[in-house]
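To start, the structure itself, in structure tokens.
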Amino acid sequence: MEIFIRRTANEIGDFAANMIEPFVKQGATLGLATGSTPSPTYQALIRKHREEGLSFADCDAFLLDEYYGIDQHHEQSYWSTIRRELTASIDIDDAAVHSLSSSAADPEQEAATYESMMKDAGGVDIQLLGIGANGHIAFNEPTSSLSSRTRLIDLRPRTIADNARFFDSEDEVPRQAMTQGIGTILEAKKILLIATGAAKAEAVQAMIEGPLSSFCPASSLQMHNDVCILLDEAAASGLGDVEFYKEIDAYWR
Ligand code: PGA
């Protein structure tokens, strides 16, 4: 794991956008995340598109996950969110932005179709990830198999409570979601995980310095050989060896 610590979430956003830019120029398959964490990165990518002419026209994109049991056009569906946060503001073809169905009658079939679409696209070249306060990646909640594939999953109470801020009340948060599996995510060629804010500090520590465990799904990234972890100071505050990570980072700068 390569670990980069910057002062603020906006600095992390610029840093992540600079890492993603060469992939965009090659017309890569992008793995996109939703939630609050990637917003500064998406803002920086939109700026590059508007001010520097960065074109996404040759890219395609796959979302990590989607709530299950809400309308695709609900403002909090991830289908809507990624369009609002990023893809409506860049020149990617809307049909090239793929996501899991929020209402598939046969979730197992939907999962299999999604996996084969990803495969046909040549796999994800660069995957952007956030991390849940409980260590989840995408919606792979604690105890998810480390080799799990795309599937329907029940959300944990912690995740429902954390995501209630996007809805009028906690009761409105869907209880289930479709998610890429951990095994699916680990097939991305490069992974960029971003964590910002003190609420993520404990999960970040478990991911980087804890044991490989399905109890912290993000610890599965220890098994991948091209992972960059981008942290602000608050998210890095629980790390035991923080001075070492900063030294290595400074050495390569
Ligand atoms: P957040 O969610 O970016 O909204 O904090 C991250 C996640 O749950 O993966």
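Easy rule for this one: first residue shown is 1, then count along the chain.
Each residue, glycine too, has its Cβ placed from N, Cα and C.
Annotated features, as they stand in TrEMBL:
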| type | residues | note |
| --- | --- | --- |
| DOMAIN | 8-224 | domain 'Glucosamine/galactosamine-6-phosphate isomerase' |
| ACT_SITE | ASP65 | active site, proton acceptor |
| ACT_SITE | ASN134 | active site, for ring-opening step |
| ACT_SITE | HIS136 | active site, proton acceptor |
| ACT_SITE | GLU141 | active site, for ring-opening step |
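Structural mapping of features recorded in TrEMBL.
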{"residue": "ASP65", "record": "active site, proton acceptor", "DSSP (3 states)": "strand"}
{"residue": "ASN134", "record": "active site, for ring-opening step", "DSSP (3 states)": "coil"}
{"residue": "GLU141", "record": "active site, for ring-opening step", "DSSP (3 states)": "coil"}
- When you measure from the Cβ of ASP65 (active site, proton acceptor), how many other Cβ atoms are you left with inside 10 Å? 22
- Query: Rounded to an integer, what is the Cα-Cα distance in Å between HIS136 (active site, proton acceptor) and ASP65 (active site, proton acceptor)?
  - Reply: 12
- Round to a whole number and give the Cα-to-Cα distance in Å for the pair ASN134 (active site, for ring-opening step) and GLU141 (active site, for ring-opening step). 8
- Task: With an 8 Å cut-off on Cβ-Cβ distance and a minimum sequence separation of at least 6, pull the same-chain contacts of GLU141 (active site, for ring-opening step), or say none.
- Result: GLY132, ASN134, ILE153, ASP154, LEU155, ARG156, THR159, PRO217
- What is the pLDDT of the domain 'Glucosamine/galactosamine-6-phosphate isomerase' (8-224) when averaged and given as a whole number? 97
- Query: Of all the active-site residues here, ASN134, HIS136, which one's CB has the most other CB atoms within 10 A?
  - Reply: HIS136
